[in-house]
Structure formats: C-alpha cells, structure tokens
Amino acid sequence: MTNSNLRTENHFDYVKITLASPDRVMEWGQRTLPNGQVVGEVTKPETINYRTLKPEMDGLFCEKIFGPSKDWECHCGKYKRVRHRGIVCERCGVEVTESRVRRHRMGFIKLAAPVSHVWYLKGIPSYVAILLDMPLRDVEQIVYFNCYVVLDAGDHKDLKYKQLLTEDEWLEIEDEIYAEDSEIENEPVVGIGAEALKQLLEDLQLNAVAEQLREEIAGSKGQKRAKLIKRLRVIDNFIATNARPEWMVLDAIPVIPPDLRPMVQLDGGRFATSDLNDLYRRVINRNNRLARLQEILAPEIIVRNEKRMLQEAVDALIDNGRRGRTVVGANNRPLKSLSDIIEGKQGRFRQNLLGKRVDYSGRSVIVVGPKLKMHQCGLPKEMAIELFQPFVIHRLIRQNIVNNIKAAKKLIQRADDEVMQVLQEVIDGHPIMLNRAPTLHRLGIQAFEPKLVDGRAIQLHPLVCPAFNADFDGDQMAVHVPLAIEAQTEARMLMLASNNILSPATGDPIITPSQDMVLGSYYLTALQPQMHPIEFGDRSRTYSSLEDVIHAFEDNRITLHDWVWVRFNGEVEDEDEREEPITTETLSDGTRFEQWTYRRDRFDEDGALISRYILTTVGRVVMNHTIIDAVAAT
C-alpha cells in the first residue's frame, strides 16, 4: 500500500485460518529490540510484584516482552515523556512507546517437551487419529503415557510399525533384545507421549499416502470406501494449505497479549484476574519443573509423569474440560480457557464481532400498522429524532434556524414543531432497515420507508410478518439507518419489502393475502342468496360506468351485495356461458341486441360490438376497480 493512512480493512482481501508452524508461533512472540536484544519468551509464572504493583520481568505481564504499562514510560522510570520515543532503557530493557501495544504484542512459552494440541486430538472428528489411521483410544494411550508405540520394528519378528505395547510388554522385549543369545542386530525403536506422536506424523509422506488412498478407493466400496475418502479429504486439505501434520504437536505456545487477559486491583487492595493467567501459570510452572528434572537427569518415570502433567496443563489452557478433570479455581468454578472465550453465544465471535452494538440503530416492540403500505413502517418520533439527529442538525444549521451544533441539540431536546418539520424532510426518501432476530434467511432484514408515529412502538405491515417470522405478542425488532448514498440505494433497490415477495429458498410467494384480507375479498365478491338478479331496464340499477357504481355506493344509494347493470366494454367470463343467447332482438337500423344471463350486448349491422352491459354486484365492481387502479399505478 502506498498510502499509509489507508484503513486497515483495505490492506487485505480475505482472512484464512490455517495451522501455525512452530516457526510462525515463535515469529508472533519473538521481537528484536532496537538495541539488538531478542525478547519474547515468558519464563516466569509471576504476574506483578505485590509491593511495587509493577509487572515482574520475564513474567506473564513483562514490560520488556509486551511493552510498557504506562504511555512513554519505562519500567524503572529512567525515561518518561514522549520525547524518548523508541529508546530502549539500558537499565530495564523496556522500549519507550505507547501502552496500547500491550493489546497486540504476543509472547511465547518454549516447551521442554512437545505436547499434542487437544483440538486435533479430541475434536470430532479427531484429525490426528484419521491421519495416522489409528483408533482415537490408541492415540490417547500414546499421548497420555499409558502405552508405547513402535516407531521402527527393527529385526524383531513379532513387532510391526505403529503397534502398541504396554509397559510390561516392552520390558519383556527389552530383556529379549539385550539377552546374551539375542540375534537382533537392528534394535526396534519405541516411543511414548507427544514426542512419539510427532515422530509418527513426521513419517507421513502426504503425497504418497494420498496417491495410495486413491488407488484403494477405486477398488473398494461401502463403509471401507467412506473411511478412505474421509482420510483422503483430510490429507488433501493438508496438501492444499501447505501445512505439515506434525504442526498439530506443539513445541511452543503463544501467550496472548496481557491487555486481553487483564489483572485489575479491587477496592480492598485485592486483585481480580483473568482465568487465562492461572492456566498459563500452571503451564509455566510445570514446564520449568520438567526442564529442571531433565537437567538433573531425574529418573525416567518422574520425567514422564511431569510430561503428562504438562500435556494436561496445555489441554486445560486450550480447552478446559475437553479431556480429563476440569481445572477449577476458587469456589469450584471451572476456569475459562481459550476455547471458552471464543466459542458459543457469549464467545468473542458471536457476542463481540458478529453481534456488536452499532451506531445509528435502535430497538423497540412491534405493533400492527394496518394503514401502512407494504413498503412502509411506523417509526416512533422519539426514536427517529435520535437516529437521524446528525442529519437534522445539519439541516437546521443549513436553513439558518440555528447557528451551531449546541444550539441545534437544545432545540431538538425541546422537540419544537420546527424540528419535527425538519425531521419529516430528512426521513422522506431515506429508507431504514428492520431486523428481527434470529435472522435465519435473507428476508430476516428488510428495508422500509419510515412514517413518523406517536407512541414508542414500531408499526409493521401485517403481510411482511411471515418473512420475519414475527407476531405481535411482544416481539422486538432492531432498526438500522443506512448512511451512505450507495447503502441507501442498495436498501431501496434490493431490500425494500415490496420487492421481496418471493421466498429465496423455494420461489413461492412469502407475502400472501391472509386472514381479514381473504375474508374481506370473499365477502366483497360473495352473492347473497336473498338478493335476486334484476331484469335489464331498471333505471335505478343501471349505470354507465364502474365509477358511477362506486359513487352510488359511497353515497349509500346501494349496498355491497345489490345487483346492478353496468356498462363495461372489456372481456367478460360468464359463469354459465351458453352456446346461444337467451333472446335476440334486431332493430330497423340493423343493430342487434343479445341478452345473456349476465350480460347484454349491442352489435352494429356489421356485427361489431357497440356496447356491453354486465349484471354483477356492487362488491365485485369495487374489487375490480381496486385491482385495475393498483395495476395501473405500477
């Protein structure tokens, strides 16, 4: 990017999540200071010094690794103020910079022994088990130091690659190997724990295995074929992302920035801390103890037990409770691990990233608005004035009603008539979006033209309810205001409720006449048994146009179910169409009248239709007139 002021979202096209290599993990946490010193490894479990209340060096809140806890001030206080920007204190080794770097600078813990990543081991499906083509139970036995696994069978005739051995079985085989009469020259190699798992994964030649699987799939069927395809899919994904299977075993653990796992002092002098700090502390303590045991060449059984405990500590850090006992803190509350923080409804993604609160939005209960058009919604004035406040202030200043923003805000608080008039001008033609959770399909959020209403409830047209799966028993809906002209245009063109009549899933209409509309349409067009059709010629019931019938009905001269003769030159479908008219009458000038059951036609001497009167009810005229007007309007 040439312009350094471009916003962050313009710096990339997409986000891709892949396995991190050990080098990448080190890269995240390791930094070289301007004085050439390499920092990043967290080696001490301490957090802060309880006397000075300053972070401990090389601990979980170390200022040398993560940056200063106060803006432009080093740990020892030698350098203060912004003029020392970028200097590394020669006494404490802390870089003088802003404290907000503690929100993104990471550290790492170099593990004394490899550990398996619990997501890939205990996830469903278990990718480690699929890749190694071994049962998950067997893989767990290896990782948690219950069984040995054969890494190289050597010359031993009873052993084979990836075979599991108990402690006793391996001791017997060792006795055979080292017996005086042993003929085994090439000794078998066995392993245990995540180190053995890492070796097995390193031995996998992905391209060769994928080729072999494709050949096997071609000649197999049923359950076996499905299993082979499952394994091939995982291997193909590893090949496509250039990831190595052994990266599922960790040599170093990233330590997330300290401001994302804070430690705060309470009123009584006590401290409240994030659970992650306790989990990291367990890992560091066990890792340091293991390193010390390896240094002093402690017995294998003690070292192995410490490795297992390190594995369990890392499991708890990544996903507490996934395997084994859940690690609990004070008052027996399970500690929140990294997985707990990011997964679920209250997790980082759904709560803070997808479901974050946004500006220019509101929320209220919905009520029915029967007088609204389908593309309209009733927006409470109190809500509208808040949502459109910047637009209203801008227009008030532009129209010289007020001189500055402060005066405009005072005027808005008083809710003067001038303000309401300006608000009406602002919202005219400015669509808003209504959303009802859960938004399960595209039609869960639609655009409407707002109409100012009194009260505090949003009014909604009853026909758009099926799309939102809404009813009026206390449901709430959120309002969002599109700001940019492009956003407003998109909302109007693509999201307006009247443009979303068909369901995107099935193609069937999702907006259909319902309840009182269906009943009203039926009542309007129904024939009353007690109302009998009238003969043609009754002047009080004969009209020259549909409009005349409507006017007579509006003047209460006729009722909805009265029969009328009305002049209508369009096509008519008779319910009981006869082959011949009931009567035919020819006049001296050559014109001809044909009387049918529900119509009377007049033809000239050439047989061309001059006029047509139809027998119908007032309700049907009203219905027909309404439909014609609606079609003409579009």
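Cβ coordinates are placed from backbone N, Cα and C, and glycine is handled just like the others.
According to Swiss-Prot:
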type	residues	note
BINDING	C74, C76, C89, C92	Zn(2+) binding site
BINDING	D471, D473, D475	Mg(2+) binding site
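Sequence features, as recorded in Swiss-Prot, placed on the structure.
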residue: C74; record: Zn(2+) binding site; CB count, 10 Å: 24
residue: C76; record: Zn(2+) binding site; CB count, 10 Å: 14
residue: C89; record: Zn(2+) binding site; CB count, 10 Å: 21
residue: C92; record: Zn(2+) binding site; CB count, 10 Å: 17
residue: D471; record: Mg(2+) binding site; CB count, 10 Å: 12
residue: D473; record: Mg(2+) binding site; CB count, 10 Å: 7
residue: D475; record: Mg(2+) binding site; CB count, 10 Å: 17
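In this structure, the CA atom of D471 (Mg(2+) binding site) is 65 Å away from the CA atom of C92 (Zn(2+) binding site). Summary of the Zn(2+) site environment: with the site residues C74, C76, C89, C92 set aside, the chain residues having Cβ atoms within 8 Å of the Cβ mean position are H75, G77, K78, Y79, R91, G93, V94. Across the structure, C74 (Zn(2+) binding site) and D475 (Mg(2+) binding site) place their CA atoms 54 angstrom apart.
Each residue contributes its Cα atom, and for D475 (Mg(2+) binding site) and C76 (Zn(2+) binding site) those atoms are 58 Å apart. Here the Cα atom of C89 (Zn(2+) binding site) is found 65 Å from that of D473 (Mg(2+) binding site).
Comparing C76 (Zn(2+) binding site) with D473 (Mg(2+) binding site), their Cα atoms are 63 Å apart once rounded.
The two recorded residues D473 (Mg(2+) binding site) and C92 (Zn(2+) binding site) have their Cα atoms spaced 64 Å from each other. Apart from D471, D473, D475, the residues listed for Mg(2+), the same chain places the Cβ atoms of I366, A470, F472, G474 within 8 Å of the centroid of those Cβ atoms.
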